[in-house]
Amino acid sequence: MSWTGIALFIQLFFGIIIGLYFWNLLKNQRTQKVTIDKESKKEMEQLRKMRAISLSEPLSEKVRPKSFKDIVGQEDGIKALKAALCGPNPQHVIVYGPPGVGKTAAARLVLEEAKKHKQSPFKEQAVFVELDATTARFDERGIADPLIGSVHDPIYQGAGAMGQAGIPQPKQGAVTHAHGGVLFIDEIGELHPIQMNKMLKVLEDRKVFLDSAYYSEENTQIPNHIHDIFQNGLPADFRLIGATTRMPNEIPPAIRSRCLEVFFRELEKDELKTVAKTAADKIEKNISEEGLDLLTSYTRNGREAVNMIQIAAGMAVTENRKDITIEDIEWVIHSSQLTPKHEQKIGVEPQVGIVNGLAVYGPNSGSLLEIEVSVTAAQDKGSINITGIAEEESIGSQSKSIRRKSMAKGSVENVLTVLRTMGMKPSDYDIHINFPGGIPIDGPSAGIAMAAGIFSAIHKIPIDNTVAMTGEISLNGLVKPIGGVIPKIKAAKQSGAKKVIIPYENQQAILKQIDGIEIIAVKTFQEVLDEILVNPPTEQKPFHIEINKESV
């Protein structure tokens, strides 16, 4: 065989091998495609079957407010939301309030309301983007950030076309998706500090700037839109609505200073009845007034009321009944191991050493605070014992905090000084001040209440049980302003008080809108005594003691 024949044979041999190789590749590709198509058809069929199945609409969805009229008890909060977002220059907002009172529903509705106003910058296509801060996790390397956005560098892109070409791929975050609309962040107080700081920059610039080690302005392979994103940033002109169940002092000052703060309050008993009755009507069930009374004694917000109605209605359905009975409500209470809601009421009659103070808890909720004072003659040197208060408190931020003696305990020392200036000798007595209820009390606003209780206990003069009071007391007997005066007044009214004493400097025009209770503004502790002391059985008139104001 000649060399030419050998060369042709070798070429033919390798040609056959190469042909078999490519034929096998094509066969595998066809097999894979057929397999993928079969799998895709099976999955599509499964999806169609799943989409054909739907359960009934949950009761919580049925009773979700469709308009502002459906949100019960939050007229002031809704008014503030409209003022902040429905004008020509909408602002960022933080909404404080307990869970289940309508914060999210109000946020959804306020954007639709704003679209109706001609001056509003929100257009018809403005979007409402929701994000839960408790699940908004991010990667510190910048690979993923659902809030701000991220860049997928080629090393993380896998087999995509841009990854193989070495092109970084920007991914939009919620701040960009909300461009031209509203970004709602639920539980904004749980947002990671790094994300919070990034968002502050976005709120100022109204843009998101991304960077990548793989980006170069000189790279002509990078598409124009990616060049534009890296050079000019992603648009992020939106208005933020953050909702939280935390107190304002637990939110970073940097974000608070950029937002209008709106407060939603706890629902009152009658308002919870309205929510529960509406829920029962939606599922065509009847519930008696006694049943509503019992239900609202164990619920603290609208969501809990709806859930109880739904479970009780399930009991009625299984027994083919149209009515939700008291027995159904009692069964729900027992099976859910619910505890009754504490509802403090004023005393039945005036008593010595018993005074009605006022406290505020949560973002915008008040409560009546019964204070008990017992005084006995001391065997030797007198003592003072205080129970039911926080002994000390910690203030500051995550990076730095300081501990100090409880403000309530410090207020007691102010009270003793005032009583000494009035000619009394607290050191001659063993004084016990008790704040019942099991919840540690802190703050100086119970100052005048404690002073009144000690004065009453020493002189054996009863205190009017229909009067509640709040105010800090200074060393010279002046009544100083306090916070949370509106929820405190409303709490006094709900507890059955006929009068409420507040510091003179807390007078506001809006207080005139609160009906059903007399509001008395005082400047000195002597004025407090004039309003609260009741004549003892001997018809002895309460005496006046001048306060030494020259010690100021």
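Glycine residues also receive a Cβ, built from the backbone N, Cα and C atoms like all the rest.
Here's what Swiss-Prot has on this protein:
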- Gly97, Pro98, Pro99, Gly100, Val101, Gly102, Lys103, Thr104: ATP binding site (BINDING)
- 349-535: domain 'Lon proteolytic' (DOMAIN)
- Ser445: active site (ACT_SITE)
- Lys488: active site (ACT_SITE)
Gly97 (ATP binding site), number of other Cβ atoms within 10 Å: 24
Collapsed DSSP category at Thr104 (ATP binding site): helix
Environment of Gly97, Pro98, Pro99, Gly100, Val101, Gly102, Lys103, Thr104, the listed ATP site - residues of the same chain whose CB lies within 8 A of the CB centroid: Ala243, Thr245, Phe264, Asn301, Gly302, Arg303
Distance, Lys488 (active site) to Gly102 (ATP binding site) (CA atoms, angstrom): 22
Residues that sit under 8 angstroms from Lys103 (ATP binding site) by C-beta distance, when 6+ apart in the chain: Val95, Gly97, Ala243, Phe264
Residue, out of the recorded positions Thr104, Ser445, whose Cβ gathers the largest set of other Cβ atoms within 10 Å: Ser445
Between Pro99 (ATP binding site) and Lys488 (active site): CA-CA distance (Å): 20
Greatest C-beta neighbour count within 10 angstroms, which of the binding-site residues Pro98, Gly100: Gly100
C-beta crowding around Pro99 (ATP binding site), within 10 angstroms: 14
Proximal residue to Ser445 (active site) among binding-site residues Pro98, Gly100, Val101, Thr104 (C-alpha distance): Pro98
PLDDT averaged over every residue in the domain 'Lon proteolytic' (349-535): 83
Long-range Cβ environment of Val101 (ATP binding site), under 8 Å and at least 6 residues apart: Gly73, Gln74, Phe264, Arg265, Glu266, Leu267, Asn301, Gly302
Secondary-structure category, per DSSP, in which Gly97 (ATP binding site) falls: coil
